[in-house]
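Visitor: For reference, the structure I am asking about is given below.
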Amino acid sequence: MIQAIAFYLFAFVVLVSAALTISSRNPVHSVLWLILAFFNAAGLMVLVGAEFIAMLLVIVYVGAVAVLFLFVVMMLDIDFTELRAGFVRYFWIGLALSLALVCEIFIAIGAWSAGGIDFARRAAPIDGAVPNIQAIGELLYSRYLFVFELAGLVLLVAMIGAIVLTFRQRPDSRHQRIRQQVSRRSKDAIRNVNAPVGQGVEL
Amino acid sequence: MSYSQQMMMILPEIVLALGSLILMMVSAFAGHRSARGVSWAAVALLIGAGIALLGPASSGGVAFYGLLRADAFSAFAKLLIYIAAAVSIIIAPRFFAATHGDDLKPEYPVLILLSAIGMGVMVSASDLLTLYVGLELQSLAAYVLASFMRQDTRSAEAGLKYFVLGALASGILLYGISLVYGFTGSTLFDVIALQYSGGLSTGLLFGLVFVFAGLAFKISAVPFHMWTPDVYEGAPTPVTAFFASAPKVAAMGLAVRIAVEAMGPAVDQWRQIVIFAALASIILGAVAAIGQSNIKRLLAYSSINNVGFALVGLAAGTQAGVSAVLIYMTIYIAMTLGSFLIVLQMRDENGVPVETIASLAGMSRTRPWLAAALAMFMFSLAGIPPLFGFYAKFAVFSAAVDAGLFALAAVGIAASVIGAYYYLRVVKTMFFDEPAPAFAPMQSKVEGGLIAISALFISPLGYLLIPALLSATTSAARALL
């Protein structure tokens, strides 16, 4: 019973927050809705017995979104004083949201300890006795090895692409030339000047 | 099956992957001046991968727990892909030498090699997971290639458009894949086919529709064609030639494989989608091309139009239909690469590339051989009889008629007449208009040779190759059905 309630709760919140991610005009708000969506998707993962993927979803995606958030804040012209102005007014909403998240965590844990949802057909059914990470590792490095290696190539392409499209060699910029710095002697760098009183120095 | 046997089956991919890693290191340390050397090494690697296809890669069967299938179909498609990729590498150095500020970077051939790996995996995928990763490997490299000229705003625009719309299409495809996986319980094509043969639930039908919508984007079939003209126009010409040839073959091979192998039992359902996409592509490709004044845009619409004809063969859903699709794609890449090779020769006396159709005016007097070759490609694309393009259209339409799709064949043939109009308009501009300033003389013997080879292939002499082509495509089609 509690699994069903938890499933519908998570699924509903995922859908609503995904819709709000797209429709909210403020980019910062839409990033926050995205985090909520990821959080609830993680809850769904816990329900099907994929705890490891749930943790990954929270750590990787919410972490990545936090970085993205930073970029958004840096790139868009957002007035921070205006943002902070409503802090007291929005404090209670924020508190309610975080309370809701805490409640969701408890519901998820409750549902999880009551046993996950079982699916009729799966390519790779989960053996309850094998820990999640071990099960994934065993599949990833045997059955899906080929795709795993290929995914590595996809990442390589992404890396090459990012470098090709953004890297520029600038001949006019001032590089640090360590060789020159180290081989420099004090007699090249220091000049003794006899400065007469009252006349100043010429450099 | 032993591990080494499985590795032999993916030998072409291994050759390309290791080779591209080594070339990447060479280009990282040697910098821009290694571009030409890396290009030729990449062509040699593609030839090596083509030779590797002779082994178990073309007959090995299923590998890696059913993730991959090395059969005659995948080998045939890979051969076409490698040829098209090699040509796109060969034609690049001279094009980039003429542009301002954008030299040929050695990453260009490396990215094409990596993309070729992705395309090879696409055509031999027999699992939804392999399919998707292969597709992403190909697309990701293609996005970068589209915006390869950083100084050029049109190139940047093309890359961005391609990336955004490609991501959307990947999303649609993934949604379809997740539905199919959810309702069949497997990502393996065999198991999916088994589930589809046991009756069609709403979920399976939705999955099928979304998968076909995603694939239609990748082959740029109407109504998912919007990106094609802009991307083809903006991307550097060698990259456009690449887009119009190799990824088209790969996506078509993928569509055929998934339609026949995974969703074969639901042929009545996907046939409706394929027939609609085929007719819409043929008609829109023909009508929208009429108003174009840029030769690259014209060829983009021509590629939409041609994909429609290839889909006619797929709509038949028979062994003859699959073999007709392969024949069509073979002849199509020869015609398309030939046309783009001639577009590359279009430069004014300063060597700056020009792209307007008006600049072709009177080319028959200034550059008679080039004009004759382009006229042959245009007649062939229009499907006018003595040329080889006619046989391609004949093959797909006869497959459709044999499968009882008379209406499709009739409308398709009628619409091909509209298409003939704009191809003939290019020929008319070249032969009957007052001469425009002549193009700079062709400097590269290699490009001239490639034009000559593709022109010979599509000339009536090409008919001598029909027995060989037929036996190759029939054995490829037999591997699927």
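Glycine residues also receive a Cβ, built from the backbone N, Cα and C atoms like all the rest.
Here's the feature list from TrEMBL:
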- B:125-419: domain 'NADH:quinone oxidoreductase/Mrp antiporter transmembrane' (DOMAIN)
- B:40-67: transmembrane segment (TRANSMEM)
- B:79-96: transmembrane segment (TRANSMEM)
- B:108-133: transmembrane segment (TRANSMEM)
- B:162-184: transmembrane segment (TRANSMEM)
- B:204-227: transmembrane segment (TRANSMEM)
- B:239-260: transmembrane segment (TRANSMEM)
- B:272-291: transmembrane segment (TRANSMEM)
- B:298-316: transmembrane segment (TRANSMEM)
- B:322-344: transmembrane segment (TRANSMEM)
- B:369-391: transmembrane segment (TRANSMEM)
- B:403-424: transmembrane segment (TRANSMEM)
- B:450-470: transmembrane segment (TRANSMEM)
Visitor: Which sequence positions outside the transmembrane segment (B:272-291), separated from its termini by at least 6 residues, show Cβ-Cβ distances below 8 Å to it?
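Guide: 208-209, 212, 216, 221-223, 225, 229, 259, 297-298, 301-309, 311-312, 314-315, 405, 408, 411-412, 415-416, 418-419, 421-422, 425.
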Visitor: Based on Cβ pairs under 8 Å, which of the stretches B:79-96, B:108-133, B:403-424 lies most in contact with the transmembrane segment (B:450-470)?
Guide: B:79-96
Visitor: Are there three or more C-beta pairs under 8 angstroms joining the transmembrane segment (B:403-424) and the transmembrane segment (B:298-316), sequence spacing 6 or more?
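Guide: Taking Cβ pairs at least 6 residues apart, the transmembrane segment (B:403-424) and the transmembrane segment (B:298-316) are in contact, with 3 or more under 8 Å.
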Visitor: Quick check for me: are there 3+ Cβ pairs below 8 Å between the transmembrane segment (B:239-260) and the transmembrane segment (B:162-184), leaving out pairs under 6 residues apart?
Guide: no
Visitor: Cβ under 8 Å, sequence separation of at least 6 from the ends of the transmembrane segment (B:403-424): give me the contacting residues as numbers and ranges.
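Guide: For the transmembrane segment (B:403-424), the far contacts come to 275, 278-279, 282-283, 285-287, 289-290, 292, 298, 301-302, 305, 308-309, 312, 315-318, 320-321, 378-379, 381-384, 393, 397.
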Visitor: Suppose I define contact as three or more CB-CB distances under 8 A, residues 6 or more apart in sequence; do the transmembrane segment (B:108-133) and the transmembrane segment (B:369-391) meet it?
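Guide: Answer no: the transmembrane segment (B:108-133) and the transmembrane segment (B:369-391) share fewer than 3 Cβ pairs below 8 Å.
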Visitor: Take the C-beta pairs under 8 A between the transmembrane segment (B:79-96) and each of B:40-67, B:162-184, B:322-344, B:369-391. Which stretch has the highest count?
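Guide: By the under-8 Å Cβ criterion, the transmembrane segment (B:79-96) pairs most with B:40-67.
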Visitor: Among the recorded stretches B:40-67, B:162-184, B:322-344, which has the greatest number of Cβ pairs closer than 8 Å to the transmembrane segment (B:369-391)?
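Guide: By Cβ pairs under 8 Å, B:322-344 leads among B:40-67, B:162-184, B:322-344.
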